[in-house]
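According to Swiss-Prot, the record shows the following:
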ACT_SITE  Cys50  active site, nucleophile
BINDING   Thr49, Cys50, Asn51, Arg52, Ser109, Glu114, Ser115, Gln116, Gln120  substrate binding site
BINDING   Gly189, Leu190, Gly191, Glu192, Ile193, Gly194  NADP(+) binding site
SITE      His99  site 'Important for activity'
Amino acid sequence: MHLLYVGLTHRETPLTILEKAHFSDQEGLKALKLLKREKSILENIILSTCNRTELYLVVDQLHTGRYYSKHFLADWFQIPVKELEEYLVFREGDEALRHLLRVSIGLESKIVGESQVLGQLKQAFLTAQDAGTTGIVLNQAFKQALTFAKRMHDTYRINDRPISIGLTAIQELDRMGLDYSTKKIAVIGLGEIGQLVTKYALQRPFESVMLLNRTVSKAQAFLTEDRVSAHGWDELEEVLADADVVFSAVKTEEYIIFPSMLKEGAIVFDLCLPRSCHPSSSLKLYNIENLTNQLEQYKAERQEIAGRIALEIDEELVKFADWRQQLGIIPLIQEIRDKALEAQASAMESLNRKIPDLTEREQKQISKHMKSIINQVLKEPILQLKELSVGEHSDYDIALIAKIFGLHRERGKDEGH
């Protein structure tokens, strides 16, 4: 069995192709089942988001798997194979798994380290399991990837380093340790930055959130809580006078915010260029230059963390390789267990003949304890077998164990390779 990745991503593929090559939620289940019917494809999981459409496959032959998966995508999306081939990326074996691990932690995302893709990957895995298109290999690969990604997020906290001016400003405010329950904030301007600030502000327990925009209806769209209010441009002075914290996300040709308009001790974040707030020395003012410097530092930290995570991915590849190698020992372990259970069943039959008056409860208790003895006796040998299966002389060691147990078999039998 071979691990194969077939994908289109934002890195290599133009938006015009990505828009066509996208599985909707409704199509996903049908596509999984149809893909599994294709020649050579034994297992499959489909990940389809706005930035990528990826097939994670287990195939019995790489060449055949590549051919049929490629044609499946071309037929499904009605894109000529020749055109699709310009952008399709194929990865095999370790490189397929490496890509999966990188995707899981966000190293292949537009925003390095973002965690949204982890939820999308988990959902893709669950959908494939429901469709019955996964098996032992993809189950292990995806469980390992999801566990790895969670551990990396917990260890490195890469998402604690924002990549937007809006979130950087909010986190700068967080560091001041203010009692938000007594603070009123104002967001001036509801363009992209202003909306982002509003989103993060509403996640915090501010006493009130005042939204001011030239088009009041845009502010009214955020009136989801009693503490949120919408204001027009003519209310600027009134809003500023009442705010403890001001986020100005509006582009103006001249200053519209002056110290005299603000409450004493007010904090101002001027988030756009040209600046909208007069740079008075009497103000506690954070401007785009201050925050951009902080943002660049965060971006550099994300890249540095990405490099450290990439090194840990190499360790995950070794773990998966060890697991794959141990697959060969599973049939032998099962045969040893089966042989022991056959002996137990034979002993039980003999016991019942010699002591026919045993009650059903007594028979069950004796059988239970006999199986317990078998499990205790086999526990350590099985652990040692798993260790031997990844050793330098694994073929010889396992053949010897099989011979000792009277199981004359060759390694590789029933492995599915």
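Using N, Cα and C of the backbone, Cβ positions are placed for all residues, glycine too.
Remember, predicted model here, so these are calculated numbers, not experimental data.
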Report the nearest neighbour of Ser109 (substrate binding site) in space among the recorded positions Cys50, Gly189, Leu190, Gly191, comparing Cα positions.
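Ranked by Cα distance from Ser109 (substrate binding site), first place goes to Cys50.
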Whole-number Å distance between the CA of Thr49 (substrate binding site) and the CA of His99 (site 'Important for activity')?
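Per the Cα atoms, Thr49 (substrate binding site) and His99 (site 'Important for activity') stand 16 Å apart.
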Please report the Cα separation of Gln120 (substrate binding site) and the residue listed as 'active site, nucleophile' in Å, rounded to an integer.
11
Long-range neighbours only, meaning 6 or more apart in sequence with Cβ under 8 Å: which ones does Gly194 (NADP(+) binding site) have?
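Long-range Cβ contacts: Gly166, Val187, Ile188, Asn213, Phe247, Ala249, Val250, Leu271.
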Please name which of the recorded positions listed here, His99, Gly189, Gly191, is nearest in space to Cys50 (active site, nucleophile), Cα against Cα.
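Closest candidate to Cys50 (active site, nucleophile), judged by Cα separation, is His99.
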Distance between Ile193 (NADP(+) binding site) and Asn51 (substrate binding site) at the Cα atoms, whole Å?
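Cα to Cα, Ile193 (NADP(+) binding site) and Asn51 (substrate binding site) are separated by 22 Å.
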With an 8 Å cut-off on Cβ distance to the Thr49, Cys50, Asn51, Arg52, Ser109, Glu114, Ser115, Gln116, Gln120 Cβ center, who else from the chain surrounds the substrate site?
Gly106, Lys110, Val117
To test your reading of the NADP(+) site: which residues beyond Gly189, Leu190, Gly191, Glu192, Ile193, Gly194, same chain only, put their Cβ within 8 Å of the Cβ centroid of those residues?
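Nearby residues not in the site list: Val187, Gln195, Leu196, Val197, Ala249, Val250.
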Gly189, Gly191: which of these binding-site residues has the highest Cβ count within 10 Å of its own Cβ?
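Comparing the binding-site residues Gly189, Gly191, the most crowded Cβ belongs to Gly189.
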Work out how many Å separate Glu192 (NADP(+) binding site) and Asn51 (substrate binding site) at their Cα atoms, rounded off.
20
In terms of DSSP three-state secondary structure, what is the assignment for the residue listed as 'active site, nucleophile'?
coil
